[in-house]
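Here the structure is laid out as structure tokens; the discussion comes afterwards.
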Amino acid sequence: MTVHAPLPQHTQTAAKRGVWEVIKDYMMTTDHKKIGLLYIIVSVLGFCLGGLLALAIRVQLALPEQTLLVGTAYNQVLTMHAAIMLFFFLIPLGLFGFGNYFLPLQLGVRDVALPRLNTFAVWLFIASLILVVLGLFNGGAPSVGWTFYYPLTMDGNQTGVSVFMVAVILNGLGSLLGSANFAATIVNLRAPGMGLWKMPIFAWSLFATSILQLLTLGGLTAAALLTYLEIKLGLSMFNPGIGGVPVLYQQFFWFYSHPAVYVMLLPYLGIGAEVASTMARKPLFGYRVMVYSILAIVLVSCIVWLHHMFAVGVPEAWQIAFMISTLIVAVPTGVKIFNLIGTLWGGRILMRMPTYWLIGFIFNFLIGGITGVSLGMIPFDYQVTMSYYVVAHFHNVMMFGTAFLAMAGLYYWWPKMTGRFMDEKVGLAHFWLFMVGSWLTFLPQYILGLLGMPRRYYTYPSGNWAWTELNFASTVGAFLLLLGGLVMLWNMFQSFKRPITAGPNPWGGFTLEWTSSSPPAAYNFAHDFPQNFPTERPLYDWEKNGDTLTPVDPKSIHLPQDSIWPFMTAFSLLLMGYGLSFGWFTNYDPAVGLKPFADASLSFKIATAVLYLSFPVFFYSLFKWAGTREYAVPVAHHHLTKYDNGFMGMAWFIISEVSLFAILIAGYVYLRVIGAAEPPALRPNIWLAALNTLILVTSSGVIHKAEQDLHHGRASWGRLGLFITLLLGAIFMIFQVYEFALFGTESDWRQNLWQSCFFIIVGLHGLHILIGGTGIALPYYQALTGKMDKYNHGSIVPASLYWHLVDVVWLLIVAIFYAW
Ligand code: HAS
Ligand code: HAS
Ligand code: CU
């Protein structure tokens, strides 16, 4: 390629900036690369922290009857180890760390579709981590395992559990916004000429993973929300004391948490494929087949979750159905592995660090995948479930499977991100320490599992055949991993002492990120691309055809302005989360209900104050955000569809809202059908619901009209329409609160499952009315302050789409709670 971007300015000035300057920069940035780096840094820290906790576990289990970590303390360390590794390392690193950094670069664009939403999402993610850490000092770590099974969560350390539930919900919200943003970016913003079928395979992986998140994350949200509500208010769908079904918790949880393992796997498989193609100097073997396999994995992985519950006692027919789907999901996964091998096969393989990690992955993952298939066989699973065989399986696919591809990605893109190489020799030491360390740590655990050692126990007796030896070996392995981890950190730090030598395309890669400078300038590319994309390897094709890049004057490029308000909005949700975890609601006692405020402790009162404080901060920040323009100067946006980015992002996000309500409603319908949730004699008034339906449907019509008016430049009519919609929403809420107050005093939700379901689902809908109303208030405010004109419609389009959703959900609610 003949044209390269000039070296970015900021790398020269970076050293001179103070720490606070840098932090402020990252708080306000809308740059997808910096946001990606934030995710990557937190994830690497997460791995280290989670790993240190794992070491504590291994030290305790090195020999029989140790006393380093006993009982609850052990369970706390175990829970934190797993939760940190999953939610703050493996899930965010691939999808949002590498994803944010490289998706726009690979698509040849300057940023994601909604840059400020991206800032908000990353800080929400960090807020959730801060909340988890605050929880350690205020209530202590939960001690129930990362699965948070019911009814374990109802015993003992409830504050520790509930803060975690709030953190999971915040984390999930950030995750969903990020996923919707990626999907919108892919659909709306690719370099001109790059069709979907010419996207790099990593971009496809992100697309598929984002969709998977949007479809299924509602399961985790539902599980966390219900756990929280039962702890804080006694609202339950699981409590067997009132006819609830505890296993329903597991259905909700695994409905997400099985797909979550593919959320971990898919982005990394994408990285693996990029590495394979570049390092073998070949096109991908079966690009299209790979894409179909990814999509097949997305579909099938939504219907295999019951394999985590074979031993729970669900009907046999269901078990068999889920066994079959579990076996089926191995097929596209296997196809992907064969594709990787096929890509490497016969290539002039460049044996550098990324290649080592890739080959290590293929080798290890085969073992882990096949033991996964063995667990999918019901009779075998009955024998080994809850044993170390399972522990060995999932570390095999995660630690010395997927995480190896994470390392491949780190080494592969390190020169792009930093302009520097990591040392190959040191890297090799890192690789072999991880390889041998993992085998030594986890392969013995397969045998331990077969010998009957159960998981989630803090100790074991001496005298069981080979248990002591195998456990000891496992602990030695873990220390090799520690050594490997230290070597990795050292390699990273050392590389910064070297000069910037990487050049734009150090490995001779074929995708667009390799045309930006290393590290890339803020604007990514100081050139336009040729518009023909014969294959998914444009650089190869263009080289062959003699196509060149067209230089662009960087001064003519406009980027979104920095803004502190997305950060502040995320911060307000941290305050809110803190208040909800430790404040007002905490005063609930199952025996007596809410206790008087006056009796509460000081820290509790402070947290309550924080909760109330969070609301003005939230609204102030959000309105400030909506009131500042994304770009300092008017910029012509190009998008590939006729829909603007706001609409596109919202359309994708709504999938997750539909999924959340669908999951909760499915739970209720199930409880109703099996006769567990019987409506009380006195039910909420159908006439009030009918009136409310009328109000909401009208409001949907009104906002639609307002949208049309704004589009056609009839500003004052549009404003009036928005005002009327808000008014109707408010009237709806007043009726709803009236009804809740009436119905809440007539009978007790802690005594009646139907009523409990009613308050959970209808209450959640009420919350959505508030959110939707806030959403409408934003364009109203924009219209009032003259931020809208014929060409710029502010956030009216997504707000109105969301409002229609809330409306449709209400119709469903009327059907199942009022009419049925
Ligand atoms: Fe898994 C438990 C089944 C892949 C992660 N898994 C877990 C847990 C985690 C996890 C975290 O059916 C435990 C959670 C907890 O704390 O309780 N898993 C599978 C299957 C696959 C699989 C069938 N798992 C993953 C990946 C993960 C992950 C990927 C994270 C990144 N897993 C289970 C089951 C349980 C389970 C049970 C529950 C156990 C219990 O009792 O609790 C597949 O996606 C793997 C497919 C990949 C391959 C390798 C390449 C394929 C080739 C094709 C030819 C091979 C064939 C198989 C056709 C299969 C090359 C031949 C079969 C022979 C036996 C020879
Ligand atoms: Fe694990 C259970 C051992 C890695 C995930 N693990 C789980 C569970 C999950 C999970 C989901 O041997 C199930 C939890 C449950 O039942 O609820 N695990 C290990 C070991 C490693 C390890 C030895 N795990 C992972 C990864 C995961 C993951 C990666 C997901 C992505 N894990 C266990 C064991 C159990 C277990 C037992 C079962 C226990 C039971 O009772 O059932 C290693 O691969 C970790 C290697 C990493 C390191 C860290 C290197 C650290 C460095 C930092 C040094 C920095 C310093 C400076 C000194 C050894 C390089 C200070 C730094 C700061 C950041 C402050
Ligand atoms: Cu699974």
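Each Cβ is built from the backbone N, Cα and C atoms, and glycine gets one as well.
Per TrEMBL, the feature domain 'Cytochrome oxidase subunit I profile' maps to 14-537.
Here the transmembrane segment (77-99) has long-range neighbours at 36-37, 39-40, 42-47, 49-51, 53-54, 56-57, 69, 121-122, 125, 128-129, 132, 141-146, 164, 168, 171, 175, 178-179, 182, 202, 206, 209-210, 213, 260, 263-264, 267-268, 271, 398, 402-403, 405-406, 409, 413, 456, meaning same-chain residues at least 6 beyond its ends whose C-beta is under 8 angstroms from one of its own. Residues annotated as transmembrane segment in TrEMBL: 77-99 (among others).
According to TrEMBL, the feature transmembrane segment maps to 120-141 (among others). Outside the transmembrane segment (120-141), and at least 6 residues removed from its termini, the chain residues within Cβ reach (under 8 Å) are 27, 35, 38-39, 42, 46, 76-77, 79-80, 83, 87-88, 92, 96, 100, 157-160, 162-164, 166-168, 170-171, 173-175, 177-178, 181, 566-567, 569-571, 573-574, 577-578, 581-582, 603.
Residues or ranges marked as transmembrane segment in TrEMBL: 201-228 (among others).
If you look up TrEMBL, you'll see 248-269 (among others) marked as transmembrane segment. Tertiary proximity for the transmembrane segment (248-269) is limited to same-chain residues at least six positions away from its ends with a CB under 8 Å from its CB atoms, namely 86, 90-91, 94-95, 98-99, 147-150, 202, 205-206, 208-209, 212-213, 215-223, 226-227, 237-238, 294, 297-298, 301-302, 304-309, 312, 333, 336, 340, 394, 397-398, 401-402, 405-406, 409, 663, 667, 670-671.
Per TrEMBL, transmembrane segment is recorded for 289-308 (among others).
Marked as transmembrane segment by TrEMBL: 320-344 (among others). Outside the transmembrane segment (320-344), and at least 6 residues removed from its termini, the chain residues within Cβ reach (under 8 Å) are 265, 269, 272-273, 276-277, 279-280, 282-286, 289-290, 292-294, 296-297, 300-301, 303-307, 310, 358-359, 362, 365-366, 369, 372-373, 376-378.
Sequence annotations record features per position, and here TrEMBL assigns transmembrane segment to 356-380 (among others).
For 472-490 (among others), the entry in TrEMBL reads transmembrane segment.
Positions annotated as domain 'Heme-copper oxidase subunit III family profile' by TrEMBL: 553-820. In the predicted structure, the domain 'Heme-copper oxidase subunit III family profile' (553-820) carries a mean pLDDT of 89.
What TrEMBL records for 564-586 (among others) is transmembrane segment.
The transmembrane segment annotation in TrEMBL covers 647-671 (among others). For the transmembrane segment (647-671), same-chain residues at least 6 beyond its ends with a Cβ under 8 Å from one of its own Cβ atoms are 113-114, 117, 176-177, 179-181, 183-184, 187-188, 210-211, 213-219, 221-222, 237, 243-245, 248, 251-252, 255, 639, 641, 677, 753, 757, 760-761, 764-765, 768, 797-798, 801-802, 805, 809, 812, 816.
Same-chain residues lying 6+ beyond the ends of the transmembrane segment (686-704) with a Cβ under 8 Å from its Cβ atoms: 721-722, 724-725, 728-729, 731-732, 735-736, 738-739, 776, 799-800, 803-804, 806-807, 810-811, 814, 818-819. The transmembrane segment annotation in TrEMBL covers 686-704 (among others).
Positions annotated as transmembrane segment by TrEMBL: 716-738 (among others).
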